[in-house]
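K.L.:
Would you mind keeping the following structure in view while I ask a few things?
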Amino acid sequence: MARKTPLNRIRNIGIAAHIDAGKTTTSERILFYTGVSHKIGEVHDGAATMDWMEQEKERGITITSAATTCFWKDHQINLIDTPGHVDFTIEVERSMRVLDGAVSVFCSVGGVQPQSETVWRQANKYGVPRIVFVNKMDRIGANFYNVENQIKLRLKANPVPINIPIGTEDTFIGVIDLVQMKAIVWNNETMGAKYDVEEIPSDLLEKAKQYREKLVEAVAEQDEALMEKYLGGEELSVEEIKKGIKTGCLNMSLVPMLCGSSFKNKGVQTLLDAVIDYLPAPTEVVDIKGIDPKTEEEVFVKSSDDGEFAGLAFKIMTDPFVGQLTFVRVYRGKLESGSYVYNSTKDKKERVGRLLKMHSNKREDIKEVYAGEICAFVGLKDTLTGDTLCDEKNAIVLERMEFPEPVIHIAVEPKTKADQEKMGVALGKLAEEDPSFRVMTQEETGQTLIGGMGELHLEIIVDRLKREFKVEAEIGQPQVAFRETIRSSVSKEHKYAKQSGGRGQYGHVFIKLEPKEPGSGYEFVNEISGGVIPKEYIPAVDKGIQEAMQNGVLAGYPVVDFKVTLYDGSYHDVDSSEMAFKIAGSMAFKEASRAANPVLLEPMMKVEVEVPEEYMGDVIGDLNRRRGQINSMDDRLGLKIVNAFVPLVEMFGYSTDLRSATQGRGTYSMEFDHYGEVPSNIAKEIVEKRKG
């Protein structure tokens with residue numbers, strides 16, 4: 001079976017936005033106009049094609065990125081829907097990693113919101129070119145030009161409108177295409193499937209000319225030949241303008257900006273045209289970095305059908321009918337269903353049972369998958385998110401994704417004995433799907449703890465246990481992931497010696513313990529010379545310290561951000577062993593930590609609260625009571641925005657408190673930012689409670 005769509009006509013794009021900017025509705029309309037859906041699914045009635053998990057239908061927010069294939073004007077668009085809620089940024093990170101381009105959707109009223117800034121930063125981090133779609137132009141208070149300014153000021157980007165609205169709110173009927181200099185007006189009878197191309201209305205001609213001039217100037221800056229033509233007063237052709245927009249979009253010096261109203265079926269076709277005109281094909285993005293596992297050298301993978309297969313698993317889902325689906329972005333070569341593939345990250349061979357192309361929640365079996373495609377593999381047992389799949393003879397490990405550590409834990413207890421076994425299996429499956437979700441057993445109590453990125457994240461996990469796996473579970477109070485660190489440098493020795501008949505134990509070490517920069521982790525330095533401790537025992541000392549650092553001396557929390565230097569010691573020919581040195585390392589570390597001024601750290605959340613002005617004083621007072629540090633205060637569309645760092649432990653139940661303090665008019669978002677030192681009076685309480 002040959003490839004149906006040439007590589008240069010494929011677009012792998014994501015739709016990224018803040019909650020309620022209308023992202024799912026926009027994806028829906030794309031599927032409707034490209035002929036994949038027959039009836040439009042509205043988020044309001046819980047029937048959107050992309051939102052296919054039960055809870056998403058209920059909450060009206062998108063949680064997992066479903067990958068969908070659709071076609072537009074001889075091009076294949078692989079659409080990845082990304083969640084807009086801050087607890088799910090890991091999902092967004094994951095999809096950014098495998099996208100070639102993105103459509104950022106902004107609400108014409110709300111503009112740039114906190115989550116949009118986070119998603120924008122992630123897209124910058126992975127170098128993803130994007131276009132902006134200003135949605136909801138039919139809403140009261142819609143203002144396209146406001147959003148343009150916010151993108152400049154808040155996101156420090158260079159938005160260049162390629163179409164501007166005709167009318168606004170109730171009178172929004174279409175757009176002016178600044179490239180062709182024509183008006184495009186949608187008619188309501190055909191649900192926006194048909195539109196008329198007309199002359200520009202006279203009252204908008206001046207504004208259109210002014211914006212066209214800005215567009216042409218931005219395009220001319222992309223190319224010397226175009227610049228000369230522009231400065232010489234010559235007209236640029238439509239083709240030249242399009243080429244210039246694409247160049248600027250790909251090198252990220254400009255962001256093409258369009259508008260519409262997905263809900264009212266206006267502006268979606270012009271958005272699709274922009275996707276194929278300006279966003280990159282797999283062949284137009286930089287080559288993907290990888291490492292040759294044999295030589296550890298850097299290698300680059302060029303997107304093409306030639307060459308051995310290479311792909312990245314970026315998402316795992318459990319499908320009720322097929323079992324486990326592994327979503328893979330193919331970068332090079334091709335693969336047939338039924339063949340074997342090598343997982344170079346795990347060094348294991350896997351057999352691919354079936355290859356499925358997903359159309360939101362319908363699926364079609366395909367025989368073969370090619371470079372540039374996104375496809376679900378069925379039958380992989382050991383492959384997890386972030387693993388590389390490739391050809392064994394030409395192995396490569398593609399750049400890994402980094403997953404954040406959980407900041408909040410909740411104890412879960414199965415209600416009955418029958419739930420106990422099911423719960424273990426279910427939590428294992430959920431942890432495979434979502435790398436930012438962790439499951440662990442608390443040693444002292446034997447309780448199962450689940451960890452995640454926020455309260456909503458864990459709520460949804462518990463909800464899925466009930467719905468998908470039929471496990472009834474009780475949940476405990478949320479617990480915060482505290483950490484410990486040290487503030488001063490200390491040197492200590494420890495001699496571990498046991499001589500009680502038979503073979504003894506002997507390990508003797510001198511270590512220096514030093515604090516490191518926040519967030520820099522653990523470092524072990526070996527400065528043993530002259531063989532005072534034989535080489536084979538050095539890793540045992542390191543291992544002893546790594547085990548001991550899991551339980552700090554203050555309150556038994558993991559110790560972070562320190563450096564240990566092993567600089568002296570001694571050994572015994574007969575009695576020394578790895579075990580003895582492991583114990584010596586562990587004891588020396590504990591003694592040194594006690595003397596190194598240990599302190600408790602807690603997760604600090606970046607909180608953004610949006611409230612009407614009259615509640616501002618109460619909200620700030622409340623954040624101060626929660627030990628918050630106020631960083632800035634801004635205005636946005638008649639509301640006050642307060643930015644603060646607040647300890648996570650003080651934020652439980654905040655949504656209820658904020659709602660009652662502002663009569664339901666305040667909203668907030670929070671995400672983990674950094675670990676900060678706990679004030680000593682509060683640290684004392686926490687330590688006593690732990691030891692109590």
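Cβ from N, Cα, C; glycine included.
Per Swiss-Prot, the feature domain 'tr-type G' maps to 8-283. Summarising the annotation, Swiss-Prot assigns GTP binding site to 17-24, 81-85, 135-138 and lists sequence analysis as the type of evidence.
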K.L.:
Just to be sure I understand the packing, how many Cβ atoms besides its own are within 10 Å of the Cβ of A17 (GTP binding site)?
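P.N.:
Other Cβ atoms within 10 Å of A17 (GTP binding site): 29.
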K.L.:
Need the DSSP three-state call for A17 (GTP binding site) to compare against my parser.
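P.N.:
Note: A17 (GTP binding site) is in a strand by DSSP.
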K.L.:
Just counting, how many other CB atoms are there within 10 A of the CB of M137 (GTP binding site)?
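P.N.:
For M137 (GTP binding site), the 10 Å Cβ neighbour count is 28.
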K.L.:
Let me know the model's mean pLDDT on the domain 'tr-type G' (8-283).
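P.N.:
Within the domain 'tr-type G' (8-283), the model's average pLDDT equals 80.
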